[in-house]
Amino acid sequence: MYRIVATASALIAAARAQQVCSLNTETKPALTWSKCTSSGCSDVKGSVVIDANWRWTHQTSGSTNCYTGNKWDTSICTDGKTCAEKCCLDGADYSGTYGITSSGNQLSLGFVTNGPYSKNIGSRTYLMENENTYQMFQLLGNEFTFDVDVSGIGCGLNGAPHFVSMDEDGGKAKYSGNKAGAKYGTGYCDAQCPRDVKFINGVANSEGWKPSDSDVNAGVGNLGTCCPEMDIWEANSISTAFTPHPCTKLTQHSCTGDSCGGTYSSDRYGGTCDADGCDFNAYRQGNKTFYGPGSNFNIDTTKKMTVVTQFHKGSNGRLSEITRLYVQNGKVIANSESKIAGNPGSSLTSDFCSKQKSVFGDIDDFSKKGGWNGMSDALSAPMVLVMSLWHDHHSNMLWLDSTYPTDSTKVGSQRGSCATTSGKPSDLERDVPNSKVSFSNIKFGPIGSTYKSDGTTPNPPASSSTTGSSTPTNPPAGSVDQWGQCGGQNYSGPTTCKSPFTCKKINDFYSQCQ
């Protein structure tokens with residue numbers, strides 16, 4: 001992933017500070033999600049908070065901006081520490097300013113929102129456990145499931161639920177200069193070690209700040225903020241990918257200048273994190289009819305779909321495989337098989353990642369930054385759920401949905417059917433401002449607990465459930481209908497398919513009646 005996220009603009013410029021002010025009321029959108037066990041799922045009442053980078057930042061003594069457009073006010077922010085002391089984050093109008101709405105278990109993110117004081121571009125949000133802490137997820141041995149509607153986001157846009165190893169309180173306890181914490185969306189980090197984050201480790205990133213040439217709201221400072229990242233879903237209606245990114249350090253940590261590596265530095269591989277990751281993109285793996293708009297694709301992106309991502313443990317208790325399933329129109333659909341010679345498979349494994357780097361001729365920074373073992377450690381630890389919608393000032397999202405590099409003819413360079421001239425941020429803001437993405441019906445629990453083999457939702461248990469051991473939900477006794485599960489490791493249900501269907505092995509963990 002090559003993430004540079006768009007931010008808000010104009011009179012109330014988005015910026016991240018560490019103090020708190022209350023000129024605007026902060027009312028977070030409620031969002032219900034489900035925690036599952038083998039006996040069913042129960043609702044959890046949560047909420048979402050917008051990242052502090054989008055918020056109005058002004059002097060604690062009044063309403064004078066500390067950051068306007070893509071520049072700091074150097075008369076206030078003479079250095080990073082002083083800036084954090086003098087500037088505050090304020091409350092957010094989620095729907096009116098940022099185009100963020102929720103209803104029950106659905107969260108919708110709008111692309112361009114013309115608010116009362118500003119024009120906002122995209123957003124980044126986090127799931128909250130309570131008013132002051134993020135909801136934490138330990139993915140290893142479990143599965144994460146959600147419904148998504150990508151019909152409203154095309155070439156150049158990315159609706160992206162992903163997990164990162166942020167601090168539960170947004171760094172408030174760790175860094176004395178951070179008085180805002182998770183309540184105001186502080187503490188972001190990812191495997192790009194982003195340097196556009198305006199406050200890092202409780203100080204302003206104002207020193208060495210260079211305003212962007214193309215983004216009127218953003219820039220790059222001396223500091224970056226790094227941590228492992230699991231991209232569950234980076235997607236639009238044309239392409240999708242899921243990608244683990246390990247780091248040599250398991251928790252949030254800062255970096256300086258080009259030693260950060262990633263998108264924001266001249267030495268992409270000079271940091272502590274794997275900026276490229278090991279991705280599974282069906283189009284890049286040679287299947288150009290698996291995912292896309294229309295009934296001729298296995299997954300029709302004009303319709304809502306359920307996305308299931310499973311993090312399997314091996315016999316040694318470590319990460320062995322990351323698998324993907326889809327549910328659409330009541331059918332469970334196995335992930336696409338790679339058609340690339342020398343790089344077979346339909347899931348991510350250590351072997352798949354090694355072969356992919358070799359066959360595609362990519363730099364294997366994945367292995368250098370911890371590889372499969374490093375990712376196992378990250379997925380064993382608590383991570384924060386991020387849900388965002390963004391466009392890309394660095395490479396126009398071509399790495400996701402087009403040919404990238406644009407002049408390349410080598411295997412692996414084709415990632416989607418979008419034109420190499422597509423995805424320019426200014427074009428998107430002008431031509432498709434009403435684009436939006438919706439995420440709903442989020443479920444988390446042991447493998448097999450968040451969906452049924454017939455595509456239906458598990459029944460709720462009699463009482464509240466908590467995350468337990470990895471035990472699949474057993475389907476009813478008898479023979480299995482078409483598209484139902486009929487085998488796999490730890491599966492104890494029926495293995496006979498109804499006539500005329502037969503049980504076909506998809507991978508070690510899943511067989512399906514076809």
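Quick reminder: no glycine exception, Cβ is built from N, Cα and C everywhere.
These figures come from a predicted structure and were not determined experimentally.
Swiss-Prot annotations:
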SIGNAL    1-17  signal peptide
REGION    18-439  region 'Catalytic'
ACT_SITE  E229  active site, nucleophile
ACT_SITE  E234  active site, proton donor
CARBOHYD  N287  N-linked glycosylation site
REGION    408-433  region 'Disordered'
COMPBIAS  408-424  compositional bias 'Polar residues'
REGION    440-482  region 'Linker'
REGION    448-485  region 'Disordered'
COMPBIAS  462-479  compositional bias 'Low complexity'
DOMAIN    478-514  domain 'CBM1'
DISULFID  C486-C503  disulfide bond
CARBOHYD  N490  N-linked glycosylation site
DISULFID  C497-C513  disulfide bond
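Here the disulfide-bonded residues are C486, C497, C503, C513; the one with the fewest Cβ atoms within 10 Å of its Cβ is C503. When the recorded positions E229, E234, C486 are ranked by how far their Cα is from the Cα of C497 (disulfide bond), C486 comes first. Separating the Cα atoms of E229 (active site, nucleophile) and N287 (N-linked glycosylation site) is a whole-number distance of 26 Å.
With respect to their backbone Cα atoms, C486 (disulfide bond) and C513 (disulfide bond) stand 6 Å from each other.
Across the structure, N287 (N-linked glycosylation site) and E234 (active site, proton donor) place their CA atoms 17 angstrom apart. Distance between Cα atoms for C513 (disulfide bond) and C503 (disulfide bond): 4 Å, as a whole number.
The CA atom of the residue listed as 'active site, proton donor' is located 31 Å away from the CA atom of C503 (disulfide bond). The secondary structure of E234 (active site, proton donor), as reduced to three states from DSSP, is extended strand. Reduced to three states, the DSSP call for N287 (N-linked glycosylation site) is coil.
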